[in-house]
Amino acid sequence: MAINPTVSRGSATTQIAPPVVAAVVVHEPGAWFAETLQALAQQDYPNLQTLFFVTSGSQTAEEIRKQLPDAIIRTVDGNPGYGPLMNEIGRLVEGDGGFFCLLHDDVALEPDAVSRLMEEMFRSNAGIVGPKLVMWDDPTIVQSVGFGVDRIGEVSSIADVGEKDQEQHDAVRDVFALHSACLLVRADLFREIGGFAPDIRFFGEDIDLCWRVHLSGARVVIVPAAKARHLNSFDSRTNEPSRVALEARHRVRTIATLSGRFQLPFVLVQLLIATLIQTVVSIFGGGLRASLIAMRAALAVVVDVPYIIRRRAQVRPYRRIAPREIHELQIRGSARLSSFVRKRRMRFTQNPLALERDGETSNTKGVVVGILATVALIVLGSRGLIASGIAPVGEFLPLRGATESPSALLSSYLSGWWQSGFGHAGANPTGIALLALAGIGFLGRLGALQTYSVIGALLMGCWGMWSVAAGFFSVRARAIGMATYAAAPLPYVAIEGGRWGVLLCYAALPWMIRMFVKVGARPSGAALTKLLAGAVLLTAVVTSFTPAFALVLIWLGVVWVISDAISRVAASSAFGVFRLVSVGVVGAFVLHSPWSGEFFVADWLDKVIGQHPDAAKQVGMLNLSRLDGGLWAIGVLVLGLYAPTFISIVVARAQMVVWSTRALMMVVLTGAVLVLNDSGTINLSLPETGLMLAIIACGLALGAATLANIMFDETAIRPNGLWRSLGALSLVAATVGMVPAITGVVDGRWGQPETTLSQLLTQLPTNPESGDYNVVFVGRSEVLPMAGKSINDAVAFAVSDDGELTLRDHWMPISSSLDESVSSAFSAVIADQTVRAGRLLAPLAIRYIVVPIVDGGASTVERPLPAPDGLLASLSAQLDFRRVYTANDLVIFENVAYIPSLAVIDENTSLVSEQAGSEVLLSSQLASVAPLARSGDVESVPSQIGVGTVHAAVPFDDGLALDIQGVKVKARVAFGGTSAFDLPIEGVARLTFDTPLLHFVLVAFQALLWAVVVIALFDLGRFKRRIASTRLGEIVFHEETENQK
């Protein structure tokens, strides 16, 4: 070392004292730094030199020079971290014959500390030693005398928190690790083992260093005779937002790097089990976030494999001690458990300060109990759904393995043929692909996918509401807001009636509001990108099943901006929300391409909104306010949920005014639009009422959380006198408002019917020998089992092929000339203009006409909606319609004039097919020669066919062809809209559809867009950065003066 020897203290005999370089990392020091410098200046060790790494500028350097004129000072830009900076001492100081004393800048050594450390270093032949650390302001309290570490890296301090120094720890002894605040280490050893881990800037560098010292065969010793005061002020001087995450990451990396290769698999298994147990325990005892972070760090071992391999190779040359001996130095069992037991023992004995935290702990546990109770009630109320599945009511059409298996859905999505309705050439809805991916995730268990999607929507909505005000409200206030949201009858009524769109909106809106809150903080860079990607992805997923969600989101953004303007929030927040909504909606539209091209039609708004149960009936202000449509017997109690929202705006002060205004505007503005439109005062094409009511539910929950935060949070400005009493009463009213939802738990199925329309339709034949056919549902739009098209204000229709209705029939198909033919035929029937509607529908393969009356959702046995006036009578008057089933639930007619959807037709019918117009059909009796079996969405089973004409009841498209003996016969237009194939030869033929190349290109581009958004949202590049972060570049120093160079 480039250190000049001097004479040692306390002896007339001249001795050569080994050189010691005291290195200090200085970062934004406070007034206490003067004591640190004074303590170093007063050290009685004769051969001590000081080296300072300064990150805080020239003023700090001047302060150092005043106390230590001979100190070497190196400044560095930024803050590379304690470990990486200390590693530079090996490069800046020459020679291996001395020692390094590594110090934090908030450590004040006793005058003889370095001398005593050096004495014990030689006496114990140690590799690294450390002093007893005591509290800065109260040296009678022990802060640290070393650590014990178990096999999975959990740390247990030898000294208890707040423990008095009564010389009980004054024996020199080996420890597994020492605090990095003050370490004296041999220079040769420090260089051999590579110093601190270069990737650990903070948090965990001491455990890693001491563990590697043990591996090298050196001792780690605590020297209590050497004392130092430690302020431990790191948290007040850093913006490091993820200390818990960094500690967990470094701990896992350390054990994966330094454990023996044969012990490593067992250690990792032990780590996963311990982390899992910690997570379960934290659910009941608090600390869930920390346990989840620990779990994520444990699972991230897979990502860190390249780093671990490289780091283990670096450690291998000096790994001299067997892993078994290292384990003998570690704590047996769990350091976390032993630390917990010790703390509990101290709570009522040695540490009276812990008593002050009992109230807070009790509150936290109360919140946990409340959250668990909410989740338990949701699961308990869904027990029937879990046991026997979702009833096929409303939009809850079943998922079947034959048609909705992941492979079948992906095949349909790639085919370019959409089978819904009459079918047509075009892109499938994006939801088809999402269902396929979800089915893969559930290993093909489609029933479980549907059931847990419904229950999961409830839980996701509650979780989202819990997260909305994170960082602004206390956990108790957030829990009350979550409970209020869970108490809204809206999602349970949606389950009862099978309104999948309402459930999705209920689950998604709180997360969108959370994004509104985040964007108000004006994020930039990667944070903004993730936020925008999240808005796009969430909007795309929901609109893939419920396109009207885009309109709901736009309205929510308008309400949010208005409320922020009223409460005088910065205009930048409004701009951020506008950008978030715009990017979310437009981005979702782009992600849905090519399917989104279906919305470029004149009636795009009707297509986005669709037919919904409340489109034609007046609900009433009271029923709207109850959020149950008047369906629940004690639903009027729900009005109690409104009290906190209206009271919070009166008692709110400061920042709480903003939140209460947002909650109130969600309720008032949305409610006003719904009531005015429902009463006919205004005439707007609004999304389904349940979708809009989800905004009101969010407002009620946010209002309750705001008032609870005002009433209970000690940091908030609390109301006094009358207003405080009103606030308490409003929370009591909200509790009463939760009663209807709690009573709904009793049913176990949230009121879902036992018998539904879809179940009754199973009596219709599936794939009969007489040929495939189509079914038309006609009646009130509210009771149609799938998305329908209007005939007039009272009647709508929907078309499906034979067989059971499934979830693929959920999406409204694009209108075609065949739909116009159906609409014209039924218009003629309703107007009593024809008695031969069967002939008009015959080329469309419509065999059955179903008039639903009770669907089990919008119309029930207790509250039936009658069929449109005169509809049944007009259908009964048709000569070609034969009534085959009549009940209170539905009426079924059979069209005896139909021809199968794919069949060889006779010569007369072939001639008629070349003409168009209802007059020709009304005067002709169509007939088929032989039906052909279909397979898949549009293709057919190979069949022997003679010379003739094959007719397919699907819209004409150039991609359709009949492959006969290797010759493809193109389709021609038949009956003005369907497809026919004139075969010049006989042979085995099969109907095919040639998917355009452009479709494959568009689907590939769509998949790429989704991948880009997912990568942006989850920041998958962070894994690459995580590995790259372990390779730090060279630190460049700036010398302070010429004589210091």
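Quick reminder: no glycine exception, Cβ is built from N, Cα and C everywhere.
TrEMBL entries are annotated by machine, without manual review.
TrEMBL has this to say about the protein:
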| type | residues | note |
| --- | --- | --- |
| TRANSMEM | 262-284 | transmembrane segment |
| TRANSMEM | 367-391 | transmembrane segment |
| TRANSMEM | 422-444 | transmembrane segment |
| TRANSMEM | 451-469 | transmembrane segment |
| TRANSMEM | 537-562 | transmembrane segment |
| TRANSMEM | 569-591 | transmembrane segment |
| TRANSMEM | 631-652 | transmembrane segment |
| TRANSMEM | 659-677 | transmembrane segment |
| TRANSMEM | 689-710 | transmembrane segment |
| TRANSMEM | 722-742 | transmembrane segment |
| TRANSMEM | 997-1018 | transmembrane segment |
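The recorded stretches the transmembrane segment (537-562) and the transmembrane segment (569-591) share 3+ CB pairs below 8 A when only pairs 6 or more apart in sequence are counted, and are therefore in contact. Between the transmembrane segment (569-591) and the listed ranges 367-391, 422-444, 659-677, 722-742, 997-1018, the one holding the most Cβ pairs under 8 Å is 997-1018.
Here the transmembrane segment (659-677) does not touch the transmembrane segment (722-742). Their Cβ atoms form fewer than 3 pairs under 8 Å, with each pair 6 or more residues apart. Distant neighbours of the transmembrane segment (722-742): 377, 480, 483-484, 486-489, 492, 628, 632, 634-635, 637-644, 646-648, 650-651, 704, 707-708, 710-711; these residues of the same chain sit at least 6 beyond its ends, with a Cβ under 8 Å from one of its Cβ atoms.
Only residues 6 or more beyond the boundaries of the transmembrane segment (631-652), in the same chain, are considered here, and those with a CB under 8 A from a CB of the stretch are 484, 487-489, 493, 496, 622, 625, 659-661, 663-664, 667, 699-700, 702-704, 706-708, 710, 719, 723-724, 726-727, 729-731, 733-740, 743-744, 751. Within the chain, the transmembrane segment (422-444) has long-range Cβ neighbours (under 8 A, six or more residues past its boundaries) at 399, 401, 404-407, 409-410, 412-413, 415-416, 452-453, 540-541, 544-545, 591-592, 594-595, 597-598, 774, 799, 801, 807-808, 810-811, 813-814, 816, 818-819, 844, 937-938, 953-955, 957, 959-960, 993, 999, 1002-1003, 1006. Long-range contacts of the transmembrane segment (997-1018) within the same chain: residues 413-414, 416, 427, 430, 529-530, 532-534, 536-537, 540, 587, 590-591, 593-594, each at least 6 residues beyond the stretch ends and with a Cβ under 8 Å from a Cβ of the stretch.
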